[in-house]
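According to TrEMBL:
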TRANSMEM  46-65  transmembrane segment
TRANSMEM  85-104  transmembrane segment
TRANSMEM  116-135  transmembrane segment
TRANSMEM  141-162  transmembrane segment
TRANSMEM  174-193  transmembrane segment
TRANSMEM  205-227  transmembrane segment
TRANSMEM  248-273  transmembrane segment
TRANSMEM  285-306  transmembrane segment
TRANSMEM  313-333  transmembrane segment
TRANSMEM  339-363  transmembrane segment
TRANSMEM  375-397  transmembrane segment
TRANSMEM  409-429  transmembrane segment
C-alpha cells in the first residue's frame with residue numbers, strides 16, 4: 001500500500017510539473033532573463049574575455065580607422081588642391097554615419113543578427129576602402145570614403161557591445177573599458193600605417209594595406225563573437241519609452257554636449273601646432289599619434305576605478321570635467337614643450353572620458369537585451385553633435401580672425417556643461433545620495 005501511495009503521489013507531482021511547464025512555455029515565450037535574480041552573467045572566463053577581445057578589435061576598426069582622416073586630409077589638400085573645409089566634409093560625414101547607423105545595427109544586434117550584421121558592416125568598410133584607393137575625383141572619394149566606409153563602420157560597431165554587456169555585471173565597466181582601448185590602439189596604428197607607407201609604396205597601396213588590416217580585424221572579431229542572451233525578435237526600432245526616463249534623457253543630453261565639443265581637439269590640434277607653435281606637417285601628425293596613444297592606458301584604469309570604487313556614471317562625470325579643464329588649459333599653451341605636455345594630458349583625459357561612455361548607459365539599462373537598441377539611439381542623436389561640432393569651432397575661429405581663443409573657451413564650456421548634465425542624470429537615478437556607486 002505504501003508503494004502504491006508513493007507511485008500515485010509521484011505521478012500526481014509529475015502531472016502537475018508537466019502542466020506548469022506547458023503553462024510556462026506559453027507564458028514566458030521569447031522572454032530572456034531581465035532582473036537581478038535571473039540575469040547572472042559569468043563575469044569572467046575564457047569565452048567572456050574573448051568577447052572583450054572581439055570588442056577591442058572592432059573598436060580598433062570602428063573608431064581607430066576614422067582617425068586616419070587627418071593624414072588623408074593632408075594628402076587630398078596637396079593632390080586635389082581643394083579647400084580644407086570641403087575636404088573635411090568627407091571625414092565629418094564618415095564619423096556622422098558611423099554614429100547615425102547605430103540605431104539600426106543596435107536593434108539588429110538585439111534581434112540576434114550579430115554576425116550577419118557585422119559581416120555586412122565589414123564588407124562595406126573594406127569595399128569603401130578599396131574604392132578609395134582607386135578614386136581620383138572628389139565625388140568618388142566622398143561616396144567611397146565618406147558614405148560607404150562610414151556606413152560600414154557604424155554597422156559593425158554595435159553587436160560586440162551588446163554581447164560584452166551580457167557576459168559581465170560586476171566587472172562590466174572594466175570589460176567595456178578594455179574593449180574601448182581598441183579605439184586608442186587603432187587611432188595610432190591606422191594613421192601611422194598610411195602616413196609612413198605613402199612615401200614607400202604610394203597612396204593607392206597604402207590605402208589597400210590599411211583595408212587588408214581592417215579585413216583581418218573584422219574577420220577575427222566575427223569568429224570570436226559568441227552571443228549569450230536569447231534574441232529579442234519583437235520590439236520597435238526605437239524604444240520611445242526610454243525618453244520617459246529622466247536619467248536616460250539627461251544622459252543622452254550630456255553625451256550630445258560631450259561629443260559636440262570633443263572632436264574640436266582632434267580636428268584642430270594639428271592646425272594649431274602648425275600655425276601658432278611652428279610644427280612641421282610630419283611633427284603635427286606625430287603629435288596626434290601621441291594624443292591617441294596616451295588615451296589607451298587611461299581607459300582600463302578608469303574602467304577599474306568605475307567598477308571597484310566610483311561607479312560608471314560617477315567616473316564618466318569626473319573624467320568629462322577633467323577633459324573640460326584640459327581644454328581651458330590649452331589656452332595657455334604657447335611652446336613646443338607645452339604642446340607635447342598638453343597632448344599627453346589631453347589624450348589621458350579623452351581616453352578616460354570615452355572609456356566609461358558605454359558603461360555609464362549599461363548601468364542605467366536594467367534589461368541587457370535592450371542595450372543595443374538604447375545605446376544605438378544615443379549614438380544616432382550624438383551623430384548630429386559630431387557633425388556640427390568641428391564646423392562650429394571652425395566658424396568661431398573664422399569670426400575671430402584665425403584666433404583659437406574663443407573656440408577653446410567654447411569647447412571647454414560645453415564639456416564642463418556636459419559633466420554637469422551627467423551629474424544631473426546621476427542624481428535623477430539615485431537622488432541626492434552622493435556615496436552611492438552607480
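The backbone N, Cα and C atoms fix where each Cβ goes, glycine too.
Those TrEMBL annotations? Automatic predictions, nothing curated.
The stretch in closest packing with the transmembrane segment (85-104), judged by the count of Cβ pairs under 8 Å and taken from 141-162, 174-193, 205-227, 285-306, 313-333, is 141-162. Spatially, the transmembrane segment (313-333) is adjacent to the transmembrane segment (248-273); three or more Cβ-Cβ distances between them are under 8 Å for residues at least 6 apart in sequence. Sequence-distant contacts of the transmembrane segment (375-397) (same chain, at least 6 residues past either end, Cβ-Cβ under 8 Å): 85, 88, 92-93, 95-107, 154, 157-158, 161-162, 238-239, 242, 251-252, 255-264, 267-268, 358, 361-362, 365, 403-404, 406-407, 410-411.
For the transmembrane segment (248-273), the most Cβ-contacting stretch among 46-65, 141-162, 174-193, 285-306, 409-429 is 409-429 (pairs under 8 Å).
Between the transmembrane segment (174-193) and the transmembrane segment (285-306), three or more CB pairs separated by 6 or more residues in sequence fall under 8 Å, so the two stretches touch. Packing against the transmembrane segment (141-162) from elsewhere in the chain are residues 51, 54-55, 58-59, 61-63, 65-66, 72, 76, 89-91, 93-102, 104-106, 108-110, 114-115, 117-118, 120-129, 131-132, 135, 176, 179, 218, 221, 225, 358, 368, 371-372, 375-376, 379: each is 6 or more residues past its ends and has a CB under 8 Å from a CB in it.
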